[in-house]
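Enquirer: The structure's right below; bear with me while I get my questions together.
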Amino acid sequence: MAAKELNDMDVCEKIAFKPETEKPFKARIVWFNAIGFLILHLAALYGVFLGFTAITWKTFIWGFFVGYLSTESVTIGAHRMYTHKAFKATFATRLVINFLFTLAGQNCMWVWVRDHRQHHRYSDTVADPHDASQGFFFSHIGWLMYKKHPEVLAKGKHIDMSDIEKDEIVMFQKKYYKTLYVLISIALPTVIPYLCWGEDLFNSFMWSYLARTIITLNGTWCVNSWAHLYGVKPYNTDIYPRESEFVAFISSGEGWHNFHHTFPWDFRAAEFGKHYNFSATVITQLAKWGFVYDLKEAKPEMIKSRILKNGDGTHPKHTQLQKGAEWAPWGSKDAPTSEHASSRRNIVSHG
Ligand SMILES: [Zn+2]
Ligand SMILES: [Zn+2]
């Protein structure tokens, strides 16, 4: 693996928010979306019920398999590669990523990347599409049920998407998104269990498409809500995002969010690479096979100086660092391990 180290934040840097609109904003609910999401969640609950009572074990496993692959396409592809340019990938790899991302059903890649770049640039201000300062519900799903704040619309126009627009696969997916969504996200995962092992078509739709999509969406949304509101801030106390073991577990490694917002271009999206971070393990393996390259990661000295300057004291090595102990980067034999991550939890619960 050829890991490339950066000296400064050159991608998705947070900048000071300056309002562009003058009129006072009155939040307005988009009832079509609000009722739509309510119905989809109720139907997904029924899908989960069918998943545990009516479908075959093959379809049950299939739903998890599709959900897992689509989650990785969001974390590895849409998030770390396209939004943050944490590494590059070959044409074939990008093709697979875009296919699986369409399967995930989280809007087209272009829109996802634009929203997420905006989220980092204006994090937790009114120009952040899912501003966590407005609480859990808004940052989780509420933002999709309200008319967008004028600042979200105004600032969204200035997000640089030139690199994404050079990617022919992303632009193809953007152009034909609705058709591709119906074919790849709805029809394909529903029809395979029906054709291959005779699953009931309705049950397959409810489990392999509906329940699977809504559950994985909620996993992604937890990064925007939970990981911005609950947890510790070992790297930077000036921002909302936190370290959340729970979110890291359910999202394949996107819960180490205080680190991620401090070093957004780091392909691990975490300092403790492999702890509840299967996405980082997959990227490392893909790099060994040559499917991805130019991986970026933060230098240990940069991380250390951030911890000492801005951290909240919950970093597992924080006190030792203050006493002048040696810094052990991830991967070395003295590096912090999952036990350190547990001791970090202990510091919080006992502190
Ligand atoms: Zn965030
Ligand atoms: Zn990010």
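The backbone N, Cα and C atoms fix where each Cβ goes, and this holds for glycine too.
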Enquirer: Please identify the range among 60-79, 140-159, 220-239 that TrEMBL labels transmembrane segment.
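Expert: Checked against TrEMBL: transmembrane segment maps to 60-79.
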Enquirer: For the transmembrane segment (91-113), find every same-chain residue at least 6 residues outside the stretch whose CB is under 8 Å from a CB in it, and list them.
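Expert: Hits for the transmembrane segment (91-113): 66, 69-74, 76-78, 81-83, 161, 164-165, 167, 169-171, 173-174, 177, 180-181, 184-185, 188-189, 213, 216-217, 220, 286, 291-292.
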Enquirer: Hey, which bits of the same chain come close to the transmembrane segment (30-54), Cβ under 8 Å, at least six residues off its ends?
Expert: 60, 63, 141, 144-147, 200, 203, 206-207, 210-215
